[in-house]
Each structure stands twice: as C-alpha cells, then as structure tokens.
Amino acid sequence: MKFVDEAVIRVEAGDGGSGCVSFRREKYVPDGGPDGGDGGDGGSVYLQADESFNTLIDFQFERFHRAERGKNGRGRDCTGHGGEDLVLKVPVGTRAIDEETEESLGDLTAHGQRMLVAKGGFHGLGNTRFKSSTNRAPRQKTLGTPGEVRSLKLELMLLADVGLLGMPNAGKSTFIRSVSRAKPKVADYPFTTLVPNLGVVNPRHGQSFVIADIPGLIEGAADGAGLGVRFLKHLERCRVLLHLVDIDPIDGSDPIESARAIVGELEKHSPKLASKPRWLVINKKDLLLEEELQERIDHIVKELEWKGEVFTISAYNREGTEELSLKLVDFIDSLPEEEEVDVEAEVEFKWDNYHKDSDSLNEDFDDSDDDDFDDDDYDVEVIYQR
C-alpha cells in the first residue's frame, strides 16, 4: 500500500436539533398546556488511533466527513434523538492541525486514544421551557446551534526510539537490515529509500526498541532539495539519533563536509530536532585497512569537534552492530519516561453565543389564540356538589 503521511480533510459536526412548539391535546382538554420537547444534541467528530492502520491514503480519496444532525423535539415532551458521533480511525502517531489557525490540536500516540476535533451543536429548547406564571401559552422555541466546522491537516509521524540520519548511500538501510528483520531496498545508487522504514531491534531478551530509517538528506534539504526534508518530521519523536557517516564514499566526496551538511540541515529544519541526543556512527570500516581506518576516524572526530558517542561499524558485515544495539537499549532504558498528554479534554461550550439570533416563533400558532387557552388546566379544580 502506498505510504501517505499527510492529508487535508474537512470535518463538520452535526447541528443541534430545534425545539418544538406543541400543546397538550386530550379529550375534554382542548386547550392544554405546552408540551413541546427539546431537540437533540448534534453528533461530534473524533479522531481515534488504530494500530491496524499505517497510512493516511484513505483520506486522500474521502476528504469530507460529517456527523449526524440532532433530531428536532416533538410533542408530548419528547426530546429529539442526539446525532450519532463520527469516529475517524487514523494510524498511531497522527497529529491533527487546524489549517486556518495552524494550531496543533493534539497527537494520538497510543492505540485507542481518541481526540475531539469538532464539537456537535447544542440542542434547541421546546416551548415547555418558557412557561411561567405570566406566560401560560408560550409560542417561542429556540433553534439548535450549528455544529463546529474545521479544516484539518493530518500529519503521520512514525513512533520510533532511534532515528537514522545520513547522506544517500551512507548505509542506513543496510544497518537497519543488519539489526532487525526489516527488509528495505538496498542498492548502489542514491535515494534507494523513498519512504520511511521501521524495524524492531531485540538486543536482549525482553528488551527492544524501534528504529526508523528515512530517505537520505542532501545539502539544501531544509529548502526543499532531495527527499529527506519531508520525512524529517518522522524523527521528531525519536529519543536518540544515529548520524551515519560513510568513511569511504564511492563518489569521492568529503565525509566531513557531508556530516556538517547534515547538522546544518537539522538546525535549519528544527532546533528542537537538532538538540536531541545524537551519536556519530562511522560506517563501512571493512573498506579500509586498520591503520588508515583509525587515522581517518581521528581526523573526522577532530574536524567535527565531536563531543558525543562515536562508534565504528560495518553494517554489511554486521561488525560492531551488536555492541551498538546493546548501548542503545541501555541508553533508552536510562531515559525518563515521557509524560503522556490527555488529548480528550472537554471543549468548553461558548454560552455567550448560545442561541444567538436563533429564537423564532412557530408560524403554525397565532398569538391571537391566547384567549382560548384553558388557564384552569394549571389551577386547583373546584367541584361543586349538592
């Protein structure tokens, strides 16, 4: 299935049902009191994370989604049925953004997590609500309020513990194949990887982490060059980044300049992403002799002024990959647990705008009929006996 990580949709919550103007009609009580019921609340629109989904492709073909409208109230104090909520299932890791305000509404990072994105309209009031000691035959009702309408931008960001960074052909896909069961395409030309790949690494029994491989970055990626820039967002949730450097590039490029270019693109794209823990992984050690290898490693570390962790591996021969995986799982376990944010917060209803300009009179009733109303229906009945 085609991997789609962005989609724009329009969601419309259901309008609230209108109240009813009705009067009780019974035998011997031709002019009974008001019995118009309230309308039903409109259905709301929710997003729900589902681990059985892994792409947003369905939303590219179906962009408009509307919840059910609340039913109108009826006579005999019958309240209208509330509109059914609409639940849209999205992949775990989806972020919802209001396209008009560019406000982030929340992230769905766990299976079954649900987020309210459009609140249904509030119900209208029937004429029973307006009866009083001075108004025995109210003819007024209120309409239901409109449901919320939003244009949403959905962004799928993969959930991974470790993210791979590097130039094209740095060996990222080979590395993920060597440490997990993921099988991304590997070839000797740039941009072999066109979409992100995930793999699960199990260095020890009962301990594992998820690793993400994205298309390679090139200089100018933050300005739109290459493929990797549109996938950098998938690394935002990673807890540590592995910066893979090809120690002997086939095109003769300078690995130091390539590494600097990657760091520069990270800082341009997102300072937050650039501040994440980042380890330097020098790949393809099997292509050089031991003396030349160590000399190049020292030169790269010195020129980059690297202060963090440095590992030397051969992803193709799986040399050093097991040690690196063990270090990663220990580091991830030592990090504090990330706080979970409850996105299913109640939306505060705007009472100031409630029923604004929605009061209306039922045209089926004429105020001139007030004289026919039986006031005794609500008074004490007096029975005279001989």
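Every residue number used here counts from 1 along the chain in the order it is shown.
For all residues, glycine too, the Cβ spot is worked out from N, Cα and C.
The annotation GTP binding site is assigned in Swiss-Prot to 166-173, 191-195, 213-216, 283-286, 314-316. In three-state terms derived from DSSP, Ser173 (Mg(2+) binding site) belongs to a helical segment.
Under the heading Mg(2+) binding site, Swiss-Prot lists Ser173, Thr193.
According to Swiss-Prot, the feature compositional bias 'Acidic residues' maps to 360-375.
Among the features that Swiss-Prot reports, domain 'Obg' is placed at 1-159, with the record citing sequence analysis.
Taken from Swiss-Prot, the feature domain 'OBG-type G' covers 160-333, and the record attributes it to sequence analysis.
According to Swiss-Prot, the feature region 'Disordered' maps to 356-375.
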Collapsed DSSP category at Gly166 (GTP binding site): coil
Integer average pLDDT (0 to 100) for the domain 'OBG-type G' (160-333): 80
Whole-number Å value for how far Ser173 (Mg(2+) binding site) lies from Val195 (GTP binding site) (Cα to Cα): 11
Chain-internal residues, separated by at least six, CB under 8 A from Lys284 (GTP binding site): Gly171, Asp246, Ile247, Asp248, Ser314, Ala315, Tyr316
